[in-house]
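Quick notes on the structure that follows.
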Amino acid sequence: MGSWLHCSPAIQLDFCMAIIYGVFSASNLITPSVVAIVGPQLSMFASGLFYSMYIAVFIQPFPWSFYTASVFIGIAAAVLWTAQGNCLTINSDEHTIGRNSGIFWALLQSSLFFGNLYIYFAWQGKTQISESDRRTVFIALTVISLVGTVLFFLIRKPDSENVLGEDESSDDQDVEVNESAQNNMTKAVDAFKKSLKLCVTKEMLLLSITTAYTGLELTFFSGVYGTCIGAVNKFGAEEKSLIGLSGIFIGIGEILGGSLFGLLSKNNRFGRNPVVLLGILVHFTAFYLIFLNMPGDAPIAPVEGTDSSAYIKSSKEVAIFCSFLLGLGDSCFNTQLLSILGFLYSEDSAPAFAVFKFVQSICAAVAFFYSNYLLLHWQLLVMVIFGFFGTVSFFTVEWEAAAIVARGSDYRSI
């Protein structure tokens, strides 16, 4: 255990993330079947227990428990995301899906703000983290996770007349009786077939480009950018504490975006495209500033950091401002993706969200791999290319959806 705990943190993190994202990607193929059998509420509860178990492992980590928990959390994350998407959809209608997606995203990303805020002040000035500090944090997080898991049972059951895509007649009761009589294996197979069928639809293929971009930029702002900031020796003694501050401002951007777009969605006459356009402009601005402000070898710098120069004098203020822009832009894309998936595939939301997370997690895993080898400017170029085509593809789907809705056609199921 000793040698494992004292090996490079970067190696530990990369290996852990490789396991989680690999299992996560594969598990998304079966999660619609799981949700179809046990329902979204029980799926979220069971997944929450595995999340709590994963956090608890860090109280006293062992190699076998750490990597075993990484496998389980990969499965649980896939089930949780699919169940959350399904729950969000069935508790929304076409008028509230945008608002609810924004609120959901703001609440989800609040952990970035509060978690990093605590670490920034509690561990400020510390060069080494004691076992006592580590145990205190992870015991508290385990308790919070368990409380949140129990709260899943307080989620209300949707009224049938308010459910997005619910247009059945008074035969609903008979349908429910027939569904409850179905064999669980039949439900699982049907959900799996829907996922495969959904993968090759024109709309999902187009949205997959946008989803791929969110996976690439997820890896960048959650892993690569913090590494870049911590590697710049010209930031002085504050370079490590700036990583926590960066996380705080990413969280602020995420929460602000989710809250703002959630509140404005009800009165938005222009659809989702303006929000996505704002997101890509914000991200392109952030990428350009990062390109100028960060040394090119920052992502692959050794533990000692880098003394290389950027195109401009590296500024801590610019670095933190870019963190905010990365969070704000990410919220633009993810809130609108959640909204359009819930709207277009209201009757098949579990398979739709499973495909969404499948594509996103694969691209995030790929980005984690190449981030250890590519210089910063190449990583930024990859995101610019995917961001541009992802934005165009999202616009195409949104325009088609708006046209079909205007004609009064049914655009809610595969």
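Every residue, even glycine, has its Cβ placed from backbone N, Cα and C.
As recorded in TrEMBL:
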TRANSMEM  12-30  transmembrane segment
TRANSMEM  42-59  transmembrane segment
TRANSMEM  66-83  transmembrane segment
TRANSMEM  103-123  transmembrane segment
TRANSMEM  135-155  transmembrane segment
TRANSMEM  242-263  transmembrane segment
TRANSMEM  275-294  transmembrane segment
TRANSMEM  376-397  transmembrane segment
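Distant neighbours of the transmembrane segment (42-59): 34-35, 65-66, 69-70, 72-73, 75-77, 79-80, 82-84, 87, 134-135, 138-139, 141-142, 145-146, 148-150, 152-153, 155; these residues of the same chain sit at least 6 beyond its ends, with a Cβ under 8 Å from one of its Cβ atoms. Counted over residue pairs 6 or more apart, the CB atoms of the transmembrane segment (242-263) and the transmembrane segment (103-123) come under 8 Å in at least three pairs, which marks the two as touching. A Cβ distance under 8 Å defines the sequence-distant neighbours of the transmembrane segment (103-123), meaning residues of its chain 6+ beyond its ends; these are 84, 88, 129, 133, 137, 241, 244-245, 247-248, 250-252, 254-255, 257-259, 262, 327, 331, 334-335, 338. Within its own chain, the transmembrane segment (275-294) has Cβ neighbours under 8 Å at 210, 217, 225, 228-229, 232, 261, 268, 310-312, 314-315, 318-319, 321-322, 325-326, 328-333, 335-336, 376-377, 380, 383-384, 387-388, 391, 394-395, 398, counting only residues six or more beyond its boundaries.
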